[in-house]
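One structure is given here, and the rest of the page talks about it.
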């Protein structure tokens, strides 16, 4: 009997609905879908028993759900409203500006101004549960009960794990629903069920469970109370021991037949009769066993029977409690490390971030899928502005639910992290994996329009088009990047990318050469352009490309590069003619030209020694350039790959998992 109860507990500790005289256990087929439904409010109070919104309510919900833009009404807004509004309109990430705006509209008690402010605020910060409460209270103060109810529903859709918001909403229902309406209790019970489904597995959800138990006690529904305890005693929570103590009081203070369903009561009596060897008049076995204990006429036996049943009920739940206590002990240290379980724009301490990472790893390794998802949901409230946790969440969901992955990415990118590139790029990559090429294309395009100038995003768009055979579009994207570049360096960077695309992918050497030559005309001091042009020419028929290669060398040697770089290119020109040249005269001329450059360098050195040294700033820049470029040129140019760091176009100091730090790796030494 003990083992069967324990197995039942492990499989269904959180499944009882508590809505009937018997314990009904339901198992969602896919908790990924279940929690997704909760966060989308498909499991909203709207679906509670006997809660049917009228057409008027639906229209009001739509009106409240959208930002209010009533031009005529805005003329009558409070005098300082426009000042506060402009601050957040110009910078929606100014959280302090939002706080001042919301405080102002609350003080002014201007409903339309408040609606506009709150509606816009929640587009950016839906996890601020306290402001949902303020908004709902504001509507209620104006006797707008239906809009107030709708605000609560929207808040619970945005943050379904908020125990506080659920409690506030249930209290709101208790205050506003008609106690004389026979459907009121069903509505409240249905809301309690949605609350514990969404937030009941939170380690700090004890107040919600206590509230549910107390309410059922007030209604005199002792069997419902027992059903709730059957669930909470199997969930690791902060006050797990307190719940067990209250459960024992519940059992001791009430008769077993009032605590259990008829089926449970009969099963328990049979078990006790079997253990005690009862037969005949003491306890008719089999189907003839009565549902009550009225057949026991001896008061002493009656008391003994009741106490035995109470003892057995507690014994069964003691085993559940012991198992749960073990689960709590494994998580206690992690839970103590969570100092800020709610959302805030201020950065979290490193210790708390580390604690979240370790807690998630522990739960992934040891917990059920349901517990992992709930912990992730808790984590992305506290760490909503840290894309690493959203990415980790999405990666975890890949093995459980494709729609779940999409749901996580969508929430992260469209609400909490609209300007973080990595999570958008991973979302696009995920959609591409699923064959949703247009969706991947739109994600990258939309993000690039939101955050301009990120090379990593433009290159991802190019590679997406290339992978799917849209070579002209890939070329167009690079040409557009060159055209709209903010500097010569940026333009040259994209020119190299375009040239290599044309040469390696489209096999169009003349067009590739033209791109680099035009780039050199714009940016004559950029060593990387010459290197890439040479590498490209070296990749073809050297005899056929001899003139083009020599022209490239001449551009570098006679151009505006530092003397040290010009000498290096000159030396490589001599080596090229020595190894592959067809005209000895060109070789001799190149040698003479090289000697002239060496003399020029000696002359500059003597001037520097005599006090005519070039400005320190320019010298530092020159040495920087020549040092890095010389390293690239040393060795076989055919193997050389031009290094080009474009971290200047990466904002936010992102570490790039695709190692975009260089154009091409340098040759092995």
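Each Cβ is built from the backbone N, Cα and C atoms, and glycine gets one as well.
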Write down the residue from 44, 48 that Swiss-Prot flags as phosphoserine. 44
Taking pairs 6 or more apart in sequence, does the count of Cβ pairs under 8 Å between the repeat 'HAT 5' (333-365) and the repeat 'HAT 1' (109-141) hit 3 or more? yes
Please work out the helix, strand and coil residue numbers for the repeat 'HAT 5' (333-365) from the DSSP assignment. 20 helix, 0 strand, 13 coil
